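Engineer: Here it is, the structure in full.
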Amino acid sequence: MIRLLYLLVKPAGMSDETFRAECLRHYEMSHDVPGLHKYEVRLVAEQPTDTHVPFFDIGHVDAIGECWFKDDAAYATYMASDIRKAWFEHGKTFIGQLKPFRTAPVAGDEPAS
């Protein structure tokens, strides 16, 4: 499984309500994207600082998105899709900045991708 995680920041001046609505619309649009196994977006409700290890600040984050792909072939299908390209165009309308990460498992049978 390939998993991509995104830290998302809304554009300056966009209301929380508009950002929430566009996140929901983006989630709903994700169901039609070829090769995309699962998409989830969650709004950041709080950024606690009372951690059990030293805290480091990454700046303000409004939401966290994650995309799942079954394998490299599914990811290639996703990348080539015109529907995915249109989905990304929608993302440009409500995502001011993002920071992507491709993650890898620490245990289990799933190979690091």
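Yeah, the Cβs are placed from backbone N, Cα and C, and that goes for glycine too.
Okay, so Swiss-Prot annotates it like this:
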- HIS26: active site, proton donor/acceptor (ACT_SITE)
- HIS26, TYR39: 4-methylmuconolactone binding site (BINDING)
- HIS26, TYR39: 3-methylmuconolactone binding site (BINDING)
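Could you tell me the structural context for the features on the list?
Structural biologist: Secondary structure from DSSP puts HIS26 (active site, proton donor/acceptor) in a helix.
Counted within 10 Å of its Cβ, the other Cβ atoms near HIS26 (active site, proton donor/acceptor) come to 21, all protein chains included.
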Engineer: May I ask you to report the DSSP-based helix, strand or coil state of TYR39 (4-methylmuconolactone binding site)?
Structural biologist: strand
